[in-house]
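Annotated features in TrEMBL:
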type	residues	note
SIGNAL	1-23	signal peptide
DOMAIN	46-189	domain 'FAS1'
REGION	199-233	region 'Disordered'
COMPBIAS	200-210	compositional bias 'Pro residues'
COMPBIAS	211-223	compositional bias 'Low complexity'
Amino acid sequence: MEFSMIIVLSSTLLFSCTPLAYAQKVASPPAPTPTPSPAPAPLPPYVNLTYLLSVAGPFHNFLNYLESTKVIDTFQNQANNTDEGITIFVPKDDAFKNLKKPSLSNLTQDQLKQLILFHALPHYYSLSDFKNLSQVSPVSTFAGAGGYALNFTDTSGTVHLDSGWSKTKVSSSVHSTDPVAIYQVDKVLLPEAIFGTDIPPTPAPSPAPETSPTADSPTSDSAEAGSTLGKSSPNSSYRINGVGIWSQLVLAIAGVLVLFL
């Protein structure tokens, strides 16, 4: 009897443990470890145009116009939030002081904003790029095309700009690292779209004054005449002396004849 009970209990335990062991054997494999995604590329450094123009120059007048017209926000966004970059032509303070006609004081606020936009291209150009850019001139600026376009020529590495009213050149590179290029120019760029196409001709340079001889200074002719008068040949002096002697002899003979007669 006891032996039978032991067999029953052993069988019960065997059948109860078998499903658990089978379940452990057919359990699903562990999930694979996820591969970490690569870190995002670092953002390019922020370019502060106000700082660049403040430490260079002097470009105080141009910077004041940038801020008063809010064009600085447009240029700043183009420099840091686009793939195209920006190229800016900055006149020196002297360029604004030397600008007499036409004057910027008569422009409306919108015209002044367009004038400042006219000083930039919506793309980054290094100095070497202007050689190819000169072949596709005129080039549209931030202000637009047509009367707001610029003509470029590259002469032995010197970049010349022509807006019709303004003819100047790039005199130095202030900053030229993609995506921002800032170049110094010697004149304020004046667009035909604002000032018209009736461009006055460039005055010809005045001729150099001629140096005339003073009244007291002898001319070459008088000098030569004086030298001729001051010089006499020996033959002429001999002839003069000979004529004087013969004249005296004739007078003496005539006096003797008068006495005898």
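Any Cβ shown, glycine's included, is placed from N, Cα and C.
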Mean per-residue pLDDT computed across the domain 'FAS1' (46-189): 95
DSSP residue counts for the domain 'FAS1' (46-189), split into helix, strand and coil: 51 helix, 45 strand, 48 coil
